[in-house]
Amino acid sequence: MLLALAQWLQGDASFLRLFTYLTFRAVMATITALGIGLVCGPWVIRKLTQMKVGQAVRKDGPQTHLVKSGTPTMGGVLILIGIAVATLLWGDLTNRFIWIVMLVTFGFGVIGWVDDYRKVVHKDPRGMSSREKYFWQSVIGLFAAVYLAFSVSEANNVRVFDLFMAWVRSGLSMGLPARADLMLPFLKSISYPLGVWGFIVLTYFVIVGASNAVNLTDGLDGLVIMPVVLVGASLGVFAYVMGSAVYSKYLLFPHIPGAGELLIFCSAMGGAGLAFLWYNTHPAQVFMGDVGALALGGALGTVAVIVRQEIVLFIMGGIFVAETLSVMLQVSWFKYTKKRYGEGRRLLKMAPLHHHFELSGWKETQVVVRFWIITLMLCLFGLTTLKLR
């Protein structure tokens, strides 16, 4: 919004040229989202408390968590407000990548909000059924996947609908250019061609998988938000490089016109996340809830797809991956042993993984900070793929 205004008035006030610089707008998006979160946080927490949307705590979990019962949840709304305002203020609203990421983020946020609302307001412990939740996630994920298959493959001024119709007329056999290939880290001249169908399938699983992985990680005070901020900031760097014809050529990456604008979104997400951490740090005054976790995970997955860094997301989001695998292995092993021995057995003391470490003697803050450190290391490792190719 401010970019369009600055471009319109630039002839009358040359200092407004500053608003056209991507890095300046990224910094301002961070500050804006951070400021909104810090200022609006107490009001949002009061409103959530008045709505009596207190978090229910599992009685079979760590006993130290029982004191958290009643802490307001659905605080992810605060994050989404910061992201929306900062992105709309400082982003280029003619950029289609901005809008598709916003659509996925807020679409998944609505799913999470409905799930949270049913749990804490209607007192339905199940919330949305797994089938219902995955159905709506799949609807949004598949729409984004089809849209991005033709958005990423061409320049920003080509109509996506025209490309889609060309694919249909080709008998669904039209290929995609090299910039839409699956990029392999550390290999500068080797990529895996996906084709339209491969791109859609991969994108669907990345977006929906990332959303649910972040949601599973959200279980301790401050645990998930800092990894989201770190991974989001790292993806913002990739977006800046891929969107720049100069830097992408120098670093031997395919140039994706318009992708650089995602730096604004990632910066807004980082600022909003840090503001939320102010109130979510131990002992938490508010929890994120599904409304925040599903939305942020979907956002990370979508940005990673646009900048063609799905494998790097898997690396940098190693904590999310480990938490998800711990749940899958725990459930699978329990079912297998129950069928084979007549008694279900556990691989871990409790899943997800962070609860296993708590029950093994780690304090909550130790688990959180150590997971932060691991994520920082993984993000730095992921960023090395920019140069080590």
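Including glycine, each Cβ sits where the backbone N, Cα and C put it.
Just so it is clear, the model here is predicted, and its values are computed rather than measured.
Annotation comment: Swiss-Prot describes 25-45 (among others) as transmembrane segment, evidence class sequence analysis.
Within the chain carrying the transmembrane segment (73-93), a Cβ under 8 angstroms from the stretch's Cβ atoms is held by residues 1-4, 25-26, 28-30, 32-34, 36-37, 40-41, 44-45, 48, 53-55, 99, 102, 105-106, 109, 112-113, 116-117, 120, 261, 264-265, 267-269, 271-273, 275-276, 279-280, 286-293, 295-296, all 6 or more beyond its ends. The feature transmembrane segment is assigned by Swiss-Prot to 73-93 (among others), with sequence analysis given as support.
Annotation source Swiss-Prot lists transmembrane segment at 97-117 (among others), citing sequence analysis.
According to Swiss-Prot, the transmembrane segment annotation covers 135-155 (among others), on the basis of sequence analysis.
Marked as transmembrane segment by Swiss-Prot on the basis of sequence analysis: 190-210 (among others). Long-range Cβ contacts of the transmembrane segment (190-210) within its own chain (Cβ-Cβ under 8 Å, at least 6 residues beyond either end) map to 104, 134, 137-138, 140-142, 144-146, 148-149, 152, 167, 172, 174-176, 178, 180-184, 297-298, 300-302, 304-305, 310, 313, 317, 320, 324.
Residues or ranges marked as transmembrane segment by Swiss-Prot on the basis of sequence analysis: 222-242 (among others). Here the transmembrane segment (222-242) has Cβ contacts under 8 Å with residues 22-23, 26, 214, 248, 251, 253-256, 259-263, 265-267, 269-270, 273-274, 276-277, 280-282, 284, 288, 293, 296-297, 299-300, 303-304, 306-309, 312-313, 316-317, 319-320, 354, 367-368, 371-372, 375-376, 379, 382-383, 386 of the same chain, all six or more residues outside its ends.
Under the heading transmembrane segment, Swiss-Prot lists 258-278 (among others), citing sequence analysis as support.
Swiss-Prot lists 286-306 (among others) with the feature transmembrane segment, giving sequence analysis as the kind of evidence. Within the chain carrying the transmembrane segment (286-306), a Cβ under 8 angstroms from the stretch's Cβ atoms is held by residues 41, 44-45, 48, 55, 71-80, 97, 100-101, 104-109, 111-113, 115-116, 127, 137, 140-141, 144-145, 148, 151-152, 202-203, 206-215, 217-218, 224-225, 228, 231-232, 235-236, 239, 256, 259, 262, 265-266, 269, 273, 276, 279-280, 312-313, 317, 320, all 6 or more beyond its ends.
Feature annotation from Swiss-Prot assigns transmembrane segment to 311-331 (among others).
The transmembrane segment annotation in Swiss-Prot covers 366-386 (among others) and rests on sequence analysis.
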Tell me if the transmembrane segment (366-386) touches the transmembrane segment (311-331). I count contact as 3 or more CB pairs below 8 A, with pairs 6 or more residues apart. yes
Quick test of the contact rule: Cβ under 8 Å, at least six residues beyond the ends. What residues does that give for the transmembrane segment (135-155)? 96-97, 100, 103-104, 107-108, 111, 163-164, 167, 176-177, 179-180, 196, 199-201, 203-204, 207-208, 211-212, 256-258, 294, 298, 302, 305-306, 308
Same-chain residues at least 6 beyond the ends of the transmembrane segment (25-45) with CB under 8 Å of its CB atoms are 2-3, 19, 72, 75, 77-79, 81-83, 85-87, 89-91, 236, 263-272, 274-276, 278-279, 285-286
For the transmembrane segment (258-278), could you work out the same-chain residues 6 or more beyond its ends whose Cβ comes under 8 Å from its Cβ atoms? 22-23, 25-27, 29-38, 41, 75-76, 78-83, 86-87, 90-92, 95-98, 101-102, 155-156, 222, 225-226, 228-229, 232-233, 235-237, 239-240, 242-244, 286, 288, 292, 296, 299, 303, 306-307
